[in-house]
Amino acid sequence: MAATVYRPATAPIADAPCEGLVCLELEDGSAYQGYSFGAPKSIAGELVFQTGMVGYPESVTDPSYRGQILVITFPLVGNYGVPSRETVDDLLKDLPAHFESNQIHIAGLVTASYAGEDFSHFLATSSLGTWLKEQGIPAMYGVDTRALTKRIREKGSMLGRMLLQKEDLAVSAPSLGVPGDWKPHFETIEWVNPNEKNLVAEVSIKEPKLYKPDEATALKHPSGRNLRILCLDVGMKYNQLRCFIKRGVEVLVCPWDYDFSKEEYDGLFISNGPGDPKVMDTTVEHISAALQKNNTPIFGICLGHQLLARAAGAKTVKLKFGNRGHNIPCTSMVTGKCHITSQNHGYAVDATTLPTGWQELFINANDGSNEGIMHVDRPHFSVQFHPESTPGPRDTEFLFDVFIQTVAKCTTDNTLLQKGVEFPGGTTEENERLHPRVDVKKVLVLGSGGLSIGQAGEFDYSGSQAIKALKEEGIYTVLINPNIATIQTSKGLADKVYFLPVNAEFVRKVIKYEQPDAIYCTFGGQTALSVGIQLKDEFEALGVKVLGTPIDTIITTEDRELFARSMESIGEKCAKSASASSVEEALNAVKDIGYPVIVRAAYALGGLGSGFANNEAELVDLCNKALAASPQVLVERSMKGWKEIEYEVVRDAQDNCITVCNMENFDPLGIHTGDSIVVAPSQTLSDEDYNMLRTTAVNVIRHLGVVGECNIQYALNPFSREYCIIEVNARLSRSSALASKATGYPLAFIAAKLGLGIPLKEIKNTVTKVTCACFEPSLDYVVVKMPRWDLKKFTRVSTQLGSSMKSVGEVMSIGRTFEEAIQKAIRAIDFHNLGFSESKGALMSVDDELQTPSDQRLFAIANAMHAGYTVDRIWELTKIDKWFLSKLKGLSNFAKDMTKLTANDVVGRPDLLLRAKQLGFCDRQLANFWDSNELAIRRMRLEAGITPFVKQIDTVAAEFPAFTNYLYLTYNASEHDVSFEDRGVMVLGSGVYRIGSSVEFDWCSVRAIRTLRESGFKTIMVNYNPETVSTDYDEADKLYFENINLETVLDVYQMEDATGVLGAMGGQTPNNIALPLLRAGVRVLGTSPEMIDTAENRYKFSRMLDRIGVDQPTWKELTSFDEAKAFCQKVSYPVLVRPSYVLSGAAMNTVYSEADLESYLQQAADVSPEHPVVITKYIENAKEIEMDAVAKDGKVVGHFISEHVENAGVHSGDATLILPPQDLEQTTIQRIEEATRKIGAALNVTGPFNIQFIAKDNDIKVIECNVRASRSFPFVSKVMGVDLIEMATKAIMGLPFVEYPAIDRPSGGVGVKVPQFSFSRLSGADPVLGVEMASTGEVASFGVDKYEAYLKALMSTGFKVPKKNILLSIGSYKDKKEMLPSVAKLSQMGYKLFATAGTADFLQEHDIPVQFLEVLAKEDDQKSEYSLTQHLANNMIDLYINLPSNNRYRRPANYISKGYQTRRMAVDYQIPLVTNVKNAKILVEAIARYRDMEIGERDYQTSHTPLQLSGQVNFTLQDSLSRPHSFKKAHVLSVEQYTRADLHLLFTVAEEMRLSVQRGNVMDILKGRMLATLFYEPSTRTSASFEAAMKRLGGEVISIATQHSSVQKGETLQDTLRTLACYADAIVLRHPDETCVDVAKKYSPVPVVNAGNGSREHPTQAFLDLFTVREELGTVQGLTFTFVGDLRYGRPVHSLVYLLRHYSGVKVQLVSPKGLELPTDVRQQLVKAGQLLCESETLTPEILGKTDVLYCTRVQKERFPSEAEYEKVKGSYRIDNQTLKHAKSKMAIMHPLPRNEEIAEEVDFDQRAAYFRQMRYGLYCRMALLALVMSG
């Protein structure tokens, strides 16, 4: 079998000259091709891999790598260039400062990708390639280094050779490599095994040389000379020398074979080095002699350790593939502590051969191999790892101190030479005694409550992990978390869940009630921490132990002053700052801090009054402004433009520390890290930068005493190594959720275990199952996190980003290159983003946008690059690191080049397509460049064999096998990591959290996955949101951390050969691609996507509701302002304006007047230009009701009804829900259930669905129906104790389940769900409720009645029950009247009431005591006792009830009203605010009833259970077939017979037919009936579809072949018809003569259906064409039809044109060759109807751009008098992807078929191509026609 050859796995560097290919051949015959970037020569050596993520300059100069070909597993190499070779070391004087020796020692370098000349670091003087060429070292990139690592891991270290491409043999497309027989193209050389040589002799010093320390620090011998270490150089790294010299000893470095017995020295050190210790007999003899003499202490490292062991008499062994990395855990046998070490070796000491007197000092925590030895009673020891690091962590550098101290002591006290070395850190026994396991039986975990900005789904993930960890340890867990939408509050996780506020009062109550032993405050974000801080002094008295990080540590990290002092005490620095209350004080403060500074007004919200000052003048100016707004200013050192770097650090109770992940913000300091793009691991830090910050992080966490996990953020000056600590979060944070997902290391799970006192080294790594958790993950991919903002939902919120967080969600993407990862992330944020390319959106000026970043920043960079800005110019404006900008510039340039090509240019260039995919461009983006469409590009790609590879995330960069299936897709690879045998069910997750789609859908996805797994199905999860539980690697059998779009889902589906795709659980994101998936041949599980489309397209849905007799509010679609105006006058204001297909009411608005209408239309039309705007009559004061249901095959099998507290008009996502409903009348409930049954049946739902109703005076109307799981599913499932998602999943998969199961909850009792808003985070947003959704989360609680439940739920959102003062401002008279009894109640309860002018008058008239407050301007301060603003600002008000009148549920207009100002003040000063009258009433009643709340079980509760649904839907086929209508027993000869009502009936029946066929129902409507088909012209489709239609209806068919019939004998048509009428009940006739219809009408006794009379008409084709348009586009009205081709003889066109006259707003464009125009009488028909828009002989882009339906016809040879005339026009029009680039993205391409050349085959793959679906619609239509004509 031929060995495998792999083509290059990544794209070549753009704009760099190609240096030729290199082929890396392995001993086993496999060959990897890549691009050369080092010296142009071939070499051979031993292949080894190294898993460190930084430190390539140090690694390649490490003598231990002599003769080896080094494979770096981290894919991005060369990012920070190479520092100067000339700079000399301060300590070592004549040696280079930045390297480990004076030359590169590796034989060759292999990497996945390479930065080229786009490196970025202040010390860099050249690229890595330049340096390698200087030194004559070959290098290659473009290799799938992960695949290579796995090969070495499985086979062991092997020989390899890097072979250069021969100069004279050029390769046409280097990126495709040289397939097949590659050898002739490359040079050949012999294999070389470096281990057979004496490598040490090559790298050791040639003559002894003495290095002296600085006299000031020199350590002295008792005799007065310097202490001297003799170093045996067997390949020493310079850093070992640096470690000695800086500690004040002099070092005599001697060659490897030097006999040092005559030298005078105080300690012997044996260095590291390359090769096999077996060949070093001379050195071993010399060391042996020193051991015998025992004159001095001895210390060895790496090879030195092996040589010392051999000298003592032990043996060494070759390891399979060596340990080469920076993350290897070694446990000390003395102290029991585990250290993270840097290693590089292929041999180890065999500990079983150690002679008497020697013992193991360190062992490898992963595989138990030896890592160090020591003599029991002599000062000799050695270690296998590198305590001097470089590259790698510096955690064991203390061993140099141990050695030097031992040497110093032995020079003063000889007897110590008879004792072993003393190591610091105590003994294992002492350490275990000091930090025992915490013994607890019951633990209380605090959750984070409702999701808000800054505290979102990541706490569901981390809390769930923590509970999992506690359960694994057998501990009983109690959780307090009112967030009912989360997985952690589901059954089966915590033993007990309290849906109560996470505040001090309720936590105290729960502790008293439950009496837990311990509490965790670190898994619930800031909410839980604050409670811990408030209760810290009570915990002991309550008998509760705080687990994990001590509360005092948390207080230190939360308080800036304390934290700064604490850091100062260990010599670390924070950002310098000082407060000042005058300009003079500020000027003094600056003397210490230094310019530039940032000035902020203290106590001002949202960064008001802050700015940067570079000099005194600017400072004075800023201070004057800030002091006007605030009594105090904070002056801080400005680090604008510094890099922001984060580390996640973990520490256990025994003081073992690791850093799990480091992250670099793409945006420099100044933007909140939650609003920054974050890249992990860091890309532009060198080894020294990385480990300087890592060491600091470890020191800080140790000093603070954190136990568990903590996050530390730094600012790093990009032009020096100056850094300062910004903050430490001593709890699980957003970053830690990201780090867990980025690395696969389950931080929260581990942190929960550490809090119990379990040490890290005793916890297994769940991914590899063989290594321990005390290690630092190695990544061989790059991760990009990107925030998602929804600022458009709020008026008056600035989109500028700064130090306060505004994003509501985030996405994470994974790739093998930065380009691939960032493009994926951009697409994940929003469906409309295609990737990094210029966007036409309305941005402010590019320069402003770059300087003052907003949520549009990345697009501004793309636009700037497109406009020709250089990287340097953009860097000046943004200070984003040039490395990132260069990568983006590469994408921008590539995109520019691609737009010059078309799809045809690319067809023969698979290398271009491959390169585009490797750079992360998606098919949609390429289609955009090449004027094609997504599916055509996909087809081209599949034909070229270009598909993504699946890679695993395993925490160890492939060093060990992984047992998880945590996967991502990449094109930068050459093989898959996994096999595809499962055929699992794909579940699509929720995607990015945003307003309207949040953690509820994650709950639904996870419940679906768990149900599938419990039922024995293999599962595949697809999601890209790092905050979710569904992206936890142990939830599904396979997790693809990938985007949910058509391309990716199809790729995964086809690779996995999945059983089906379940999209109903993830909210709107998966629903949007359901129909395209179905059309691409995917098995979509659950309700048919065509039915989903029926529910989401308002025309189809509305027609369906009319058909089944369910009411809906009056609405109309809108194309012009005048139409809209007329409609609004007809139905009367108010009305609701909204675009179709939106999530959570984007740009929906209630409109109260014509002026409003005009301004809103503009706004709504912008939202989604492809979908028209719709106006609906808005019903005031109606109740809104939510129905959540599950159906199977259209039959409802379970449902729950919840009622909204607020009236309709508040978005359902912002409404307060009550379950079971308390105020609904039985008749209303019955009507709702009846309507639900009808809708479920009409849509043939299988799975979950949700309907929103409004009810007024018992009349119900449907607002909308979502055929998917909805936001309220978790709430209703948990309140009622029936998991609707489990039921829905079983229904979808055809598993058995119980319909309407018994409800599992205490009798009585009410659940209330309340929205959680984040207005306080969004400076400027108006906190009123409207039709646009504004809440970011939800909470729920239970109570005896709705009042108790509501109050608890409200308190869960942070609401504080008022103590004394309540302020009222009520707008409308109606609200004043409605509120009066409630206000009276407040007064009776003893509250002091304040009110604004109108409200105060009204209340005084009704004898309610109230104090009047006025909204005063700033200058009227003297009247402060009447000033409302003063009362709010001084926190004198405990509750503000502000019921605005004019805005009536809509976002306010642009003037700033006083009401808005006071509402905003309430939010800014954290005063509870109520803005809805219904909320205000229920709140007052709740306060009156429940001043004090006790907790306990709910023993008694409400009285009625949901009604069982029964009975059938009343509308049936029989019903419409039995009514009188025009088709019954009648001929169907011409379309002119029919009215719009007839068509409506026909299509309604066709819909029913379609449902029946899809359900697989057997129909017998025409059983016993007979149809004859009589075709005098050829026909496949028409005859076959009539035959199929008849048979599906249960009838029989006689088909007459006219060429074999009596016609041949001269029988007339009338005789044939009469004859057939004797046998059949109806006849389908096609005849070349136009007059045949008259004959039929005159002579046939049974109905005749015209299937084409000459070139005149084809009615049934026209019917099915119209039906197709309705189904594809929702409606026929208002569409533009373009007919192309032979219009003269195209009979379907003639019929269709006649039918179009029934529809308003239709326009027609005619395109035909000369001589084939539409017949005059048909054309007249169009002119008369006013429908003719234009006529043309060419299909121009303008015509195409207006087209909604493109109807093509065949130029028919049989219609022409001569062959010549036919040939002249036959190829006039051809529709292909190139033509379609001008077409709308939502339109339909139709053709009556068969086709010749009119439509290219490539178009078949376009979603818009409807012609094959047209045939299917034709079947339903003809079934309907036959049923109507022949039944009854």
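Placement of Cβ uses the backbone N, Cα and C atoms for every residue, glycine included.
A quick note: this is a predicted structure, and the numbers were derived from the prediction, not measured.
Record features, source Swiss-Prot:
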type: ACT_SITE; residues: His386; note: active site, for GATase activity
type: ACT_SITE; residues: Glu388; note: active site, for GATase activity
type: BINDING; residues: Ser64, Gly273, Gly275, Leu303, Gln306, Asn344, Gly346, Tyr347; note: L-glutamine binding site
type: BINDING; residues: Gln713, Glu727; note: Mn(2+) 1 binding site
type: BINDING; residues: Gln713, Glu727; note: Mg(2+) 1 binding site
type: BINDING; residues: Glu727, Asn729; note: Mg(2+) 2 binding site
type: BINDING; residues: Glu727, Asn729; note: Mn(2+) 2 binding site
type: BINDING; residues: Arg1138, Lys1177, Ile1179, Glu1184, Gly1209, Val1210, His1211, Ser1212, Gln1252, Glu1264; note: ATP 2 binding site
type: BINDING; residues: Gln1252, Glu1264; note: Mn(2+) 3 binding site
type: BINDING; residues: Gln1252, Glu1264; note: Mg(2+) 3 binding site
type: BINDING; residues: Glu1264, Asn1266; note: Mg(2+) 4 binding site
type: BINDING; residues: Glu1264, Asn1266; note: Mn(2+) 4 binding site
type: BINDING; residues: Arg1581, Thr1582, Arg1630, His1658, Gln1661, Leu1793, Pro1794; note: carbamoyl phosphate binding site
type: BINDING; residues: Lys1609, Arg1691, Arg1754; note: L-aspartate binding site
type: DOMAIN; residues: 564-756; note: domain 'ATP-grasp 1'
type: DOMAIN; residues: 1102-1293; note: domain 'ATP-grasp 2'
type: DOMAIN; residues: 1359-1507; note: domain 'MGS-like'
type: REGION; residues: 401-442; note: region 'Linker'
type: REGION; residues: 443-1484; note: region 'CPSase (Carbamoyl phosphate synthase)'
type: REGION; residues: 443-983; note: region 'CPSase A'
type: REGION; residues: 984-1484; note: region 'CPSase B'
type: REGION; residues: 1485-1528; note: region 'Linker'
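Features as recorded by Swiss-Prot, highlighted on the structure.
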| residue | record | contacts (Cβ under 8 Å, 6+ apart) |
| --- | --- | --- |
| Ser64 | L-glutamine binding site | His105, Gly235, Lys237, Asn272, Gly273, Pro274, Cys302, Leu303, Asn344, His345 |
| Tyr347 | L-glutamine binding site | Asp276, Pro277, Leu303, Gln306, Thr316, Val317, Lys318, Leu319, Gly322 |
| His386 | active site, for GATase activity | Lys237, Asn272, Ile301, Cys302, Thr341, Ser342, Gln343, Asn344, Gly392 |
| Glu727 | Mn(2+) 1 binding site | Thr557, Phe563, Ile712, Gln713 |
| Asn729 | Mg(2+) 2 binding site | Thr557, Cys710, Asn711, Ile712, Ser735 |
| Ile1179 | ATP 2 binding site | Pro1113, Ala1208, Ile1254, Lys1256, Lys1261 |
| Lys1609 | L-aspartate binding site | none |
| His1658 | carbamoyl phosphate binding site | Asn1650, Ala1651, Gly1652, Arg1691, Pro1692, His1694, Ser1695, Pro1792 |
Which chain neighbours of the L-glutamine site, leaving out Ser64, Gly273, Gly275, Leu303, Gln306, Asn344, Gly346, Tyr347, have a Cβ atom within 8 Å of the mean position of the site's Cβ atoms?
Gly235, Asn272, Pro274, Asp276, Pro277, Cys302, His345
What else in the chain is close to the region 'Linker' (401-442), if you only count residues 6 or more beyond its ends and a Cβ gap under 8 Å?
219, 221-222, 227, 229, 244, 247-249, 266-267, 269, 294-297, 299, 332-337, 374-381, 475-478, 514-518, 545, 547, 653-654, 755-759
Kindly report the helix/strand/coil residue split of the region 'Linker' (401-442) according to DSSP, in that order.
24 helix, 1 strand, 17 coil
Leu303, Leu1793: which of these binding-site residues has the sparsest Cβ neighbourhood within 10 Å?
Leu1793
C-alpha of Gly346 (L-glutamine binding site) to C-alpha of Leu1793 (carbamoyl phosphate binding site): distance in Å?
70
Largest tally of Cβ atoms lying within 10 Å of a Cβ, found at which of the recorded positions Glu388, Glu1264:
Glu388
Under 8 Å between C-beta atoms and at least six apart in sequence, can you list the same-chain neighbours of Thr1582 (carbamoyl phosphate binding site), or say none if there are none?
Phe1575, Val1628, Arg1630, Ala1651, Gly1652, Thr1660, Gln1661
Cα distance (Å, whole number) from Glu1264 (Mn(2+) 3 binding site) to Arg1138 (ATP 2 binding site):
13
Which is it, of Gly275, Gly346, Gly1209, Pro1794: the one of these binding-site residues whose Cβ has the most other Cβ atoms within 10 Å?
Gly275
Given the binding-site residues Arg1138, His1211, Arg1581, Arg1630, Arg1754, which one has the fewest other C-beta atoms within 10 angstroms of its C-beta?
Arg1581
In the same chain, outside Arg1581, Thr1582, Arg1630, His1658, Gln1661, Leu1793, Pro1794, whose C-beta lies within 8 angstroms of the Cβ mean position for the carbamoyl phosphate site?
Ser1579, Thr1580, Ala1651, Gly1652, Pro1692, Pro1792
List every residue in the same chain as Asn1266 (Mg(2+) 4 binding site), at least 6 positions away in sequence, whose Cβ is under 8 Å from its Cβ.
Asn1071, Ala1095, Phe1249, Asn1250, Ile1251
Out of Gln306, Asn344, Gln713, which of these binding-site residues shows the lowest number of other CB atoms within 10 Å of its CB?
Gln713
Within the region 'CPSase A' (443-983) only, compute the mean pLDDT.
90
With a 10 Å radius around each C-beta, find which of these binding-site residues (Gln1252, Gln1661) has the fewest other C-beta atoms nearby.
Gln1252
Could you measure between Gly1209 (ATP 2 binding site) and Arg1754 (L-aspartate binding site) for me? Cα positions, answer in whole angstrom.
52
Glu1264 (Mn(2+) 3 binding site) to Gln1252 (ATP 2 binding site): how many Å between their Cα atoms?
5
DSSP three-state call for Gly275 (L-glutamine binding site): helix, strand or coil?
coil
Please give me the CB contact count at 10 A for Gly273 (L-glutamine binding site), counting all chains in the structure.
30
Cα-Cα, whole number of Å: Leu1793 (carbamoyl phosphate binding site) versus Arg1754 (L-aspartate binding site)?
8
Within 10 Å of the Cβ of Arg1691 (L-aspartate binding site), how many other Cβ atoms can you find? Include all protein chains, please.
22
Pull out the recorded positions from the set Gly275, Glu388, Arg1581, Pro1794 whose C-alpha sits within 10 Å of the C-alpha of Arg1754 (L-aspartate binding site).
Pro1794
